[in-house]
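What TrEMBL records for 1-12, 86-98 is compositional bias 'Basic residues'. What TrEMBL lists as compositional bias 'Basic and acidic residues' is 17-43. Annotation source TrEMBL lists compositional bias 'Low complexity' at 47-69, 262-275. What TrEMBL records for 120-153 is domain 'WKF'. The feature region 'Disordered' is assigned by TrEMBL to 1-112, 226-275.
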Amino acid sequence: MAKRPRPRKRAKSNAVPDKHEQAAIAQIEKHTKEYEDQAHTEEAAEAAEPAHNEAPSAPSAPPHDAAPAHNDEGAGVSSEDEAKPQKKRKRTRKRRKEAKPGPDPASVPGLSEAAQRAIAYAQTYLRDRDAWKFSKPRQNWLIRHILWSERIFHAAKQLAGVEDDTRRTLPEDLQACIAPALQLPDEGAWIPDEHVAVVAVYLQSIMGLGKQRILETLKAAAETKVPSAPEAAPQTPAAVAPSGTDTAESNEEPATKQTDNTATEATAPAADPAVAVHTDATAWNTLRAARAAETLQWIEAREAAT
């Protein structure tokens, strides 16, 4: 009986390739490596290529036509892009020259420490913006005291001591100028006249509703009317001496006459307190309106320059 042929074994997937396959793989790897080496060599050559091998650029303008690099003022510029930075620098210098920061607040006599710190805070904002750091308490202090100067404070202080009996006899618009309606700040808590400009510059930089309230307060103070004068109290007419006393008075001694004059001065009617209050209130309103108008002028000038 004939034997059946054995079935051939299937080659495993991980079988070792024969010599022809190995030679083909080696050839492919060789060409791939040569191509990669050539690509790296070309890239390195392009990176190290000297600048003189590039295409020549357009010839530059003659030296006498170009403006010197250090001359950034006065010289004319040919392009708008160069003119804009120059105009901006001139405008910045003009603002700094006009808005003077004023003297050192520590050297001003009578200023409180809180006033010195708040004014110095506004000066730093104008002089060195990089060194300036926002402070809500100092900003609020400047807003509350912009309408207070030393003269305004002393004028208001005269109104703070009005007695109740006198207050009840005053007109309503005059009563609004007297405490408790008038709240006096602490002693030394005011802004000197020489620091109004720098404080106004800082107030102009405030944004949003805060700035709107500041402008409304300043405009209302600038338009404040002088309170109406109180009616003068009726005075009793002086009594007329009898005609028969002329001869007696002529025979009296000088000492007796001096005594009579003193008595007459003592019995003269006193000045109406309402009139004195009106005088102080008029001075306070006038000074306060002038401060508000000056602050508004600085703010508007700053906004027009920006």
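Glycine is no exception: its Cβ is also placed from the backbone N, Cα and C atoms.
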* Asked: Which residue counts does DSSP yield for the domain 'WKF' (120-153) in the helix, strand and coil classes, in that order?
  -> 22 helix, 0 strand, 12 coil
* What is the average pLDDT across the domain 'WKF' (120-153)? -> 96
